[in-house]
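Copied over from TrEMBL:
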type	residues	note
REGION	1-22	region 'Disordered'
COMPBIAS	1-15	compositional bias 'Basic and acidic residues'
TRANSMEM	30-49	transmembrane segment
TRANSMEM	61-84	transmembrane segment
TRANSMEM	149-170	transmembrane segment
TRANSMEM	182-201	transmembrane segment
TRANSMEM	213-232	transmembrane segment
TRANSMEM	252-270	transmembrane segment
TRANSMEM	303-329	transmembrane segment
TRANSMEM	349-368	transmembrane segment
TRANSMEM	380-399	transmembrane segment
TRANSMEM	411-430	transmembrane segment
TRANSMEM	436-457	transmembrane segment
């Protein structure tokens, strides 16, 4: 009788446990293919269709231009290998944020989240969406520039669509990413195959004397790197979603080692393809390099180029939104942003408040007329934090020796990448000093004011305002705090 009663009690406990709600946390739904798709999808965006002109204008010749593209790819790969060690050592979402927190403490981590959430990520997302809308509008306005209001409204619609998809489902967001990655690889393949065919037919005239007329300076090299690396930006994106990656110790480094060299090969071959039909002068005069290539090679089917370039850019925008939403989620979870931003949708199990917040800030960035000039200044800020993060890897080799490191890169790699980051940050300031660089640094440091007022000291009046706002937003959006801190 005693055993029967004990068995019945255990069955009752199991029944009660089965009725309890599941833990509300981010789901591990992303495999290796989705990881590679996020790297390729985020990296091959508007950059490869915009940057070739800027890289060539700084190198002035075909040979140095191709060398810069290859070197940028090597640098991105080395940086990604450093991030692979960081990502498997500290398996938390949020990219640079938890790494800076572990290496230096909360203040640098907060300044990174401040600069990323308010400036760098939204402006990058806005520029990608504006590029998408310009390519979509271009065929409808063949003889003139598309109206600004049309371009901006279409960009806002793209932001709304991407934000909605990523708020609804992790799986839906990754499916969209996979589809658009497949579409963008089609246009990349079309350009590369067309170029190789033309090359085989003997169209090599533009590669003769490819170093003639080269006049490189440190300033020109740094600006060429800036534009090349802008096209590669996204090599670190997979680290933002480590918590949702299945078997991250295996899949994170594999996705990096496969994804980055794949992007590098595509970029070099695409540039070679451009030069098979355009001289250096013609490429510099082109308003849209890929469209000019399509008009000369694919006519009358040249319309496929702006269509698939649009797919490419919206795929990059989707990958950027997918990963940046997780950065905001982690910052909210650490108490560095509004607490509601760390909440998770009860029904969808996605960080919906963080993604919606990101979409709103990005939409605000579309309103100013010319934000393209801001890209260089905030790329400057990005490499400041990339260098600081990889320096943190070196610091933690000495300060946190006990941490498990499933991947451990030779120390020379992070040292080299850190030195290159210092060059990339200082060279533009030395070669062409601008007030905007100073404004950018001051804006980043202004985050200290918010940190001490709202995070460090937590004044009572701020808490009284934020608590009812959090409560009402929680009820409106049906979101709850994550039930357990990921290890």
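Using the three backbone atoms N, Cα and C, a Cβ is placed for every residue, glycine included.
The stretches the transmembrane segment (213-232) and the transmembrane segment (349-368) are not in mutual contact, being linked by fewer than three Cβ pairs under 8 Å (pairs 6 or more apart in sequence). Listed by sequence, the residues of this chain that lie at least six past the ends of the transmembrane segment (149-170) yet keep a Cβ under 8 A from its Cβ atoms are 26-27, 29-30, 125-126, 129-130, 132-134, 136-137, 176, 244, 314, 317-318, 321-322, 325, 345, 348-350, 352, 355-356, 358-359, 362-363, 366-367. Where the transmembrane segment (303-329) meets the stretches 30-49, 61-84, 182-201, 252-270, 411-430, the count of C-beta pairs under 8 angstroms peaks at 30-49.
If you look at the transmembrane segment (380-399) against the transmembrane segment (30-49), you find fewer than three C-beta pairs under 8 angstroms, all six or more positions apart, and that falls short of contact.
Same-chain residues lying 6+ beyond the ends of the transmembrane segment (182-201) with a Cβ under 8 Å from its Cβ atoms: 40-41, 44, 266, 269-270, 272-274, 276-277, 290, 293, 297-298, 304-305, 308-309, 311-312, 315.
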